[in-house]
């Protein structure tokens, strides 16, 4: 029937009817099993709420103990092809599989919290779905409420699992996996920048952290998924961002964009659900299936999804499979009614009228025929790795004009555009024509699960997930050479079990059905997969593995079904389901709709056939007569005549009963009548179902079990559960007794409470998943410096206990806690350094010379309110702010101009004082009539004092004798003025006090305060009474003690503090002090020019000047004037290395072309490109190695075998494999030899195969010269590189003296190599040279703009200064040339054993080593060169230019600077202890290195100081810090002079941009450094107290055995080469490459693969190696020659000596083999044709480049 016609419903009724005959615990289990199948595989579609989306072959198994009343002994569910696409693509208006909705709706709040359903996700804003959560995999939120009782469904689901004996823990795991699938749909992906550096990062831009990666935005959802799958969050997130595929026979990792990551996540969801369904069904079958030998008969229900007119989920493959299965079943139906019956009738000589019918055999044959049917072709094309268009072409060739039911559109000559538009084929099904698109069909048919996912799941900590991915339903493809390496996998589209009848051959006692031949065929088809032998060249993984695609598996499963149905002893029954209307309206009959279905299924023709011949059963005469029981009737004649008598007696119609030649044909009705089926007593069995633990035995009962008969007819007992259809009151598989038969507490808690109560929490699972695998390794000694550092770390962090880090930081591992302590200690050191810097800048001067708020007379007079100056005024030694005071002066009638005339002067005379109010005198009181005539000292020598005769003084005179006496007025005013307007005090320097003392002034200082008693001693003590009163006669005007007065008289102008303390006036001291402070105080001692203050001032100044002097020195070093003469042509051999990672083609082409176009002798350049892994970067359409090879012109047909070499990595990752290509690259007239090394990794590597990082790429090239110079054994790939350089390119590797390292995003100037080599030749003590690097993307963004000036000045100032000492501390890896060996002694330098071993360190077990090796390998390489070759120099030359790409985004820029600062700090720490750094005085490099280190750490303080200076200048224009400004001007002015002198006028603008961005460089970078100082997630070797061995390694790569990589010396290699070639005459060592010719014999390697063919018209030397498989045209012919008398010819040794002499004096640019032969013939005077093979072989010598052509 069609979809929505009720097939699933009727199937459930049918099953219930069968099970009602044996109501046993087993029948209940079978009912539960069918319900589980429906729950997992049915969905709500547009036409029905129970649309089946998987084919079902449901088998009920019976024993043969009773031929009349067989016993039900088991059952089997065989599922066919679940519609997996529905999981991730829910059609509009439909639902996904019911179980997902059950889980969401039926879980309790506690369970929802555990499953992560309690968090709001994607809340829809549409009016129709307010409040619903939007789940991507559940369709529109309205589908959550469509009349299906999901809550009850979930309870039934759990009950069914428990009744089928699933453990509770397993049920919980199943629910977790289902929740995981829903959460995978919620993941949101975005593009981000990789800001965390790993050891595997490589290349230029990408190495700087600029690699675009895909990240998960909602990390909370990701953590839920990781917890339930038992995986690490980081590993899971990374796995979504890439996918490993097999492209052109190569494993390639594709870096995915967010869209690709979404597809990757969808694949994961489909895979998990498919495996879960397979797992549950197989587990159910294990519980219900009987032993195959005990099964005698079966009743099978076959139900496949209905015919699909449209592709609802977008999966053409699912639609094709569904319709193919429906086509097959319909064809079987027609065959059963027409063809098979006709054959039997004809054989029995029974004639019936013929009936015409629609025959769909052509469609079935076209779709399902083995070998050349459509599904077979699809599978074959998938296995061959063909494209969709190639599939279409194959279908066209197969079916065009050959099968009318399959039409392939278009033709061969169709244009590409129209071909893509028409890429579809049409199948004429019995139900109508359907167009199937081929776009993506090949890939969909593969249904491959990437090896990345399998590798990820291999690391799961969840036993259940491990079991899911370990079941037989998951077919894996392993590498042919490494069986443990899973390349890819596939969820089987074929059932795990076969029908019982397919397993059994025909037996006499059973009607279970195959004959021997069919049974053997089906058995072999089901249990074995043909293995394709892989001979010759390597094929795709699918072709070599023999794994079938989905089409092949589905076809074989349909074939088994068809053979089972077509078996001879099977009786088929057909049920046609017709839907009454297309609109799902109850009680409405649409005749048009029904008529269309009747016509489609040919029901009228079938009915007509049955009217003519309704013969379902054929009985031989003996069996028929036995059933007819004619023993009492005497009939004389043959059996046939007796049968005719019986038929006449029964009076059955002729279309239901006919006599044949050997038996009788009967209809079902006639057979039932004959066998008296209705009269038999069918015993009904029952068992105690109150407890699952019952005996399970069957007990005959006199009456039927409960409702065993009612279930067949009662509409209240619908199946499979009326809740699926939306009627909660109805019961289906479950009666009220079955929903939950047990009432114990545990069960009810499980059913309605929290099934995860005794389960691990999500947090525990997440922590378990994040744990690293640990295994023991050998103990490694800890260095003394490391021990001292650890001691310092604990000293700084001892107050933080380990348990606190473990508890609050959630850090369980001891090594990570130690790393955290180190980070925290480093933070403390950084901030302590900043604090020390702040202390010296701010606090230190204040401590040595406390700040004084004093003003000298000159300073006071300068504050006169004129020319923008402020207005200050002094009163009795106290300085006030007149500007602030004037607006509030009372009375307001006094104009401000009148007040301003007092600005800058001492106005003490304006304020007469009442002595008695301010001084208690000697006796405790002073007579109020006593006056003090105070005249302030004129300390400036100018008119800065106001006399007491000033007219305004009367306004402040409130003394006793006035008519307005206010004794305390002055004191109150001073208190108010000091509180609001105080600026400081009048200052007297000790020197000036001494001067005044010499001028007979009675002035002195006590404890820093200056007192002037001159007027008191000179007679200024007066008396005056108020008007009308007289002055008492006994007034004592001497209110000061004589000892005090005499002290000032005897020691004028001095510090009287000690003398004051020694006075014997203890009783009077307080009163005298009060009088001095109130009446005679004139200011403070000014110590600003004292020795301590001068020290404080000049100490900071000296440091500033010292640092600035370094700047000056750097400036002088940068002024390297002189003519930039272009050197003469140089004859040194150089290697130009370019590491490639994920760069785009444009960047790679620019870099490679710029190297090739350098104005340096092409024959002496070797371009080496090292591709770090088989990776397709985002935005690229090919792997990076393929891009490089395409640029260099290497065709895809050149495919060398990968060879082993030792790499930098953890564990087994140290074993890497690589391919070697060589040839000539021609660009713009330059022809340059090249070598390409492609790191492809071992077969077991499925993720980023071969990728080991930039440092490893450098090591690949560094090890070759090292092995050569030290004559060390080489790995196979190194031997091949040596062979390619020496024998193919034609240059002895020892000739190369320099290596130029350039990043893949860097473009070099044409003369850069020439200038660098010239520098090396001018100074033989030079080991490394770098040039000036500028930016190509300077104006791309604001981030790049702020870097332009910094790049320029860092080269032309810092590096130029370091170059003066020959100690450039950082030779950038993007543009540096190194000296490979010493010019005089050939001693290895760059490739010396010490440097190579130190640089190849793989134990990165500390933060320090991680910062050295992973964050700044270029700088560390320079550090190693300076450490191990201290007598050699590193240099910077500005004449060599290159241009690179700077980070364009803020995130990448900060990431880059964080790594740079980390690397700088740690490398400077390495350099500081070195004694060998050159220099002189305080300008030694050690000092400069220390200053650089310190300046890097305290950059935030520097920025803060500059901001403070600016604030100071803005706030107080009167006080200008000239020194600071001069120093700053010197720093930046000298920098400006550099580019001004060099006429780099554009740098003026870039300098302004840089200065504006100074906060960016000074604050965020160091603060980011300290806040997120490099973490240690990749710690590999750490101490652990938990392991007695002392060390553990955290690695899942296994241990590396160096013996797994065979090594041999070059001499051994050559010896074996010679022996191999002399022992066999069919192989010549002269099997070279003739490039540019049509006949070409590749140079072979020892390892048996053809060499590469560069694209050039030149011929490379024909050197082969031992195991060359392709014969050369120069095959040795010694064995075929006639043995002549060769005594007159010179010996080989003589020829060799003469050749060497010729080469020593010949022009190597023009010499050829032919010219050498002619020279030899002249020298020896004989014809040397017989010696030609020896001359051409090159034994004992090597022809130099250019290659000598074999033309003799």
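Glycine residues also receive a Cβ, built from the backbone N, Cα and C atoms like all the rest.
Record features (Swiss-Prot):
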- 1, 2, 3, 4, 5, 6, 7, 8: ATP binding site (BINDING)
- 852-940: domain 'Cytochrome b5 heme-binding' (DOMAIN)
- 1689-1744: domain 'DEK-C' (DOMAIN)
- 938: N-linked glycosylation site (CARBOHYD)
- 963: N-linked glycosylation site (CARBOHYD)
- 1322: N-linked glycosylation site (CARBOHYD)
- 1356: N-linked glycosylation site (CARBOHYD)
- 1462: N-linked glycosylation site (CARBOHYD)
- 1685: N-linked glycosylation site (CARBOHYD)
- 492-520: region 'Disordered' (REGION)
- 558-582: region 'Actin-binding' (REGION)
- 789-809: transmembrane segment (TRANSMEM)
- 828-848: transmembrane segment (TRANSMEM)
- 1099-1119: transmembrane segment (TRANSMEM)
- 1494-1514: transmembrane segment (TRANSMEM)
- 1520-1540: transmembrane segment (TRANSMEM)
- 1547-1567: transmembrane segment (TRANSMEM)
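Excluding 1, 2, 3, 4, 5, 6, 7, 8, which define the ATP site, the same chain contributes 47, 48, 51, 306, 577, 579 within 8 Å (Cβ to the Cβ centroid), listed in sequence order. Spacing of residue 6 (ATP binding site) relative to residue 963 (N-linked glycosylation site) is 122 Å (Cα to Cα, whole number). For residue 2 (ATP binding site), the same-chain residues 6+ apart in sequence whose C-beta sits under 8 angstroms from its C-beta are 47, 306, 307, 431, 577, 579, 597.
Of 963, 1322, 1356, 1462, all annotated as glycosylation sites, the residue with the shortest Cα distance to residue 3 (ATP binding site) is 1462. Checked against residue 8 (ATP binding site), the glycosylation sites 963, 1356, 1462 differ in C-alpha distance, with 1462 being the nearest. Counting residues of the domain 'Cytochrome b5 heme-binding' (852-940) by DSSP class, helix then strand then coil, yields 25 helix, 16 strand, 48 coil. Taken as a whole, the domain 'DEK-C' (1689-1744) shows an average pLDDT of 75 in this prediction.
Comparing Cβ neighbour counts within 10 Å across the binding-site residues 3, 5, the minimum falls on 5.
Beyond the transmembrane segment (789-809), the same-chain residues lying 6 or more positions past its ends with a Cβ under 8 Å from any Cβ of the stretch are 817-818, 820-822, 824-825, 828-829, 1408. Neighbours of residue 6 (ATP binding site), defined as other CB atoms within 10 A of its CB across all chains, total 18.
When the C-alpha distances from residue 1 (ATP binding site) to the glycosylation sites 963, 1322, 1356, 1462 are tabulated, the minimum falls on 1462. Of all the glycosylation sites listed here (1322, 1356, 1462), 1462 has the Cα closest to the Cα of residue 5 (ATP binding site). Within 10 Å of the C-beta of residue 7 (ATP binding site) we count 24 further C-beta atoms, all protein chains included. Neighbour list (residue 963 (N-linked glycosylation site), Cβ cut-off 8 Å, at least 6 residues apart, same chain): 1026, 1027.
Nearest to residue 1462 (N-linked glycosylation site) in space, judged by Cα atoms and limited to the recorded positions 4, 7, 1322, 1356, is 1356. Close to residue 1322 (N-linked glycosylation site) in the fold, though at least 6 residues off in sequence, lies no residue with a CB less than 8 Å from its CB. Residue 1 (ATP binding site) falls outside any helix or strand according to DSSP and counts as coil.
A straight line from the CA of residue 1356 (N-linked glycosylation site) to the CA of residue 7 (ATP binding site) spans 83 Å.
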